[in-house]
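Student: Below you will find the structure I want to go over with you.
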Amino acid sequence: ATGPVSQVLAAAAASPRRWAGWVALPLLGGRRQAAMVKETIRVYARVKPLGRRQQAGIYSIDEDEKPLSSLEITVPRDLADGFINNKREMYKFKFQKIFDQEAKQDVVFESIAKPVADCVLAGYNGTILAYGQTGSGKTFTITGGAERYSDRGIIPRTLSYIFDQLQKDSSKVYTTHVSYLEIYNECGYDLLDPRHEASRLEDLPKVTIMEDPDQNIHLKNLSLQQATNEEEALNLLFLGDTNRMIAETPMNEASTRSHCIFTIHISSKEPGSATVRRSKLHLVDLAGSERVAKTGVGGHLLTEAKYINLSLHYLEQVIIALAEKNRSHIPYRNSMMTSVLRDSLGGNCMTTMIATLSLDKRNIDESISTCRFAQRVALIKNEAVLNEEIDPRLMIVQLQKEVQELKDELALVTGKQRTSQLSREELLQLDELIEMFLEDTDPESTLDVGADMRKIKYCFIHVKQLMNHVKTSQNKMQSQHTSEEKDTNKDLGEELKKLKELLQQRDNEINILVNMLKKEKKKAQDALLQLNAASAGSKVLEQSTSLNLEESQSPSSCFSLKEAKEFSCSVHRLPFLSRQTGGKMSLGCQEAFEIFKQEHVDSITIEDNKQLLKQRY
Ligand code: ADP
Ligand code: MG
């Protein structure tokens with residue numbers, strides 16, 4: 001996911017440059033590979049020549065430490081007097097290159113602006129920022145001095161260079177537009193208002209920021225003026241500068257407290273191609289970076305004092321946030337300037353900053369804070385992406401043309417003019433062929449419809465339909481089967497359940513009967529024990545183990561009929577015994593009989609009679 005292609009896509013998606021009707025689509029692979037350049041913001045320093053009455057500060061430039069140069073600033077003894085001993089007196093800052101007082105505008109342009117202009121011509125975004133205190137040479141560097149032609153600054157030189165290059169390159173069609181925006185007190189003004197009526201900044205059209213759902217910034221009311229050549233572009237620059245000067249006059253501080261952004265928009269396209277490259281170059285003259293609490297040299301000199309301009313404070317916050325690792329939120333939205341320059345700071349842009357320094361003795365502290373700011377900016381990494389877009393309208397025209405060409409080529413090869421649809425006869429013929437092929441049992445049989453994609457596609461669709469049909473009918477049958485199986489399974493289950501219940505019922509019954517049996521058996525055993533104890537001497541009863549009911553019921557001298565009946569009833573009251581013996585008297589019955597006899601009221605009399613009869617016998 002971190003490959004160059006995805007990075008390009010991600011950067012393209014995040015690009016604020018997505019105009020209505022245009023789709024940001026970088027060309028990948030194939031003819032051209034969308035390129036991305038990742039590099040830190042280049043930071044240069046330019047030292048302004050001293051004025052007549054200015055007293056020089058002590059500084060030195062060391063160019064030997066390649067590839068960077070370093071600037072050493074020494075705090076004069078008399079200024080450092082107020083410091084505690086361990087305070088530093090010498091400061092060293094590194095820059096890409098340092099332009100000393102005598103450096104001319106052409107040299108500055110060649111080293112700083114030309115490489116950026118080349119990138120913009122190649123389709124990348126570019127920004128050149130001038131940062132420094134008021135009077136340090138920002139406007140002189142960006143726009144230039146009015147006195148001599150050679151004092152032309154970066155903007156006119158860049159315009160001249162760009163149009164020169166565009167004229168040389170006949171392989172592409174270029175379109176150039178310029179816009180000129182002034183931001184004062186969080187309000188944007190269109191400096192290219194052609195009415196020449198503005199006498200104050202407020203009379204100029206107000207520019208506002210609009211953010212679309214993709215968080216892309218759009219500037220409403222900022223006019224984009226087309227410039228087809230250098231002269232037209234320069235006229236627009238003069239118009240903007242005139243508006244800027246007129247507007248500043250009644251309000252002197254506007255010149256030092258406003259930001260001016262001159263933007264060159266370039267779009268290029270190869271003839272016949274649907275791909276458009278769009279890039280823009282911001283040339284930014286920032287507000288004076290001076291801070292409050294400048295006096296009170298001692299304690300305040302090297303501490304970070306507050307900016308007079310609040311939006312520069314927000315710019316610094318953005319830069320601090322960008323320099324911090326793993327920082328997800330960058331407070332671009334805090335000011336209009338940081339919103340407009342969002343891409344130039346940590347985004348899709350090749351950015352360069354020029355720190356302008358006025359290194360006279362009085363401005364040492366401001367120069368040091370300018371250098372410190374520059375060091376932080378130098379840490380920011382930008383990812384410039386080639387801004388290629390595809391114009392859908394052009395793409396359609398191009399594709400239609402290609403289709404026609406291919407059709408013609410095909411007709412030439414086959415000798416037949418083809419339509420996109422197959423005829424009825426052709427379809428019927430194909431159906432027959434497919435049927436024959438499917439029915440052929442020979443595993444090596446083939447379906448030959450010729451080199452016609454329409455027919456091949458039709459065959460595949462037809463076979464797919466057949467397959468689907470077979471599948472659905474199979475599914476149906478399967479589902480029927482399973483429903484029947486389910487029914488029988490259900491029946492069996494219910495029967496099993498019933499049988500189980502029945503089994504349980506029977507088990508319960510058996511248990512009850514077994515318990516009853518056990519109880520009766522115990523009763524009988526108890527009775528036997530009692531009997532044995534009671535009639536230990538009765539030999540008659542001991543011997544008559546097989547006495548049965550019939551015998552007992554038969555008339556005898558010892559038993560009355562009534563007694564016999566009573567006995568029979570008592571025996572019947574013992575279901576276990578009667579069932580077991582089937583009417584015959586068992587041991588248990590005998591025991592019971594014995595108990596009955598013992599308990600009978602006449603038992604003693606009978607025993608006496610027995611004894612008496614025995615004696616008499
Ligand atoms: P700023 O825009 O930073 O407030 P200016 O660009 O207006 O400062 O410069 C202040 C004055 O210094 C102007 O008169 C300008 O012509 C002069 N100046 C600045 N830089 C240079 C330079 N490198 N060479 C000659 N004159 C300069
Ligand atoms: Mg200025």
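Even glycines carry a Cβ here, placed using N, Cα and C.
Got these off TrEMBL a minute ago, pasting:
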type: DOMAIN; residues: 40-380; note: domain 'Kinesin motor'
type: BINDING; residues: G132, Q133, T134, G135, S136, G137, K138, T139; note: ATP binding site
type: COMPBIAS; residues: 472-481; note: compositional bias 'Polar residues'
type: REGION; residues: 472-491; note: region 'Disordered'
type: COMPBIAS; residues: 482-491; note: compositional bias 'Basic and acidic residues'
Student: Which has the fewest other Cβ atoms within 10 Å: G135, G137, the binding-site residues listed?
Tutor: G135
Student: Under 8 Å between C-beta atoms and at least six apart in sequence, can you list the same-chain neighbours of S136 (ATP binding site), or say none if there are none?
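Tutor: Non-local contacts for S136 (ATP binding site): K48, T356, L357, S358, N363, E366, T370.
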Student: According to DSSP, which kind of secondary structure is G132 (ATP binding site) found in, if we only use helix, strand and coil?
Tutor: strand
Student: Using the CB centroid of G132, Q133, T134, G135, S136, G137, K138, T139 as the ATP site centre, which other residues of the same chain sit with their CB within 8 A?
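Tutor: In sequence order, the nearby non-listed residues are K48, A130, F140, G288, T356, S358.
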Student: Less than 6 Å between Cβ and the nearest atom of ligand 2 is the rule; apply it to the binding-site residues Q133, T134, G135, G137, K138, T139.
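Tutor: So the answer is K138, T139.
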Student: Using Cβ atoms only, which residues of the same chain lie under 8 Å from G132 (ATP binding site) while being at least 6 residues apart in sequence?
Tutor: K138, G288, S289, I354, A355, T356, L357, S358, T370
Student: Around T139 (ATP binding site), which residues of its chain at least 6 apart sit with Cβ under 8 Å of its Cβ?
Tutor: A130, G153, D285
Student: Q133, T134: which of these binding-site residues has the sparsest Cβ neighbourhood within 10 Å?
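Tutor: Among the binding-site residues Q133, T134, the sparsest Cβ neighbourhood within 10 Å belongs to T134.
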Student: Taking DSSP three-state, what's G137 (ATP binding site) in: helix, strand or coil?
Tutor: coil
Student: Check the domain 'Kinesin motor' (40-380) for me and report the mean pLDDT.
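Tutor: Averaged over the domain 'Kinesin motor' (40-380), per-residue pLDDT gives 87.
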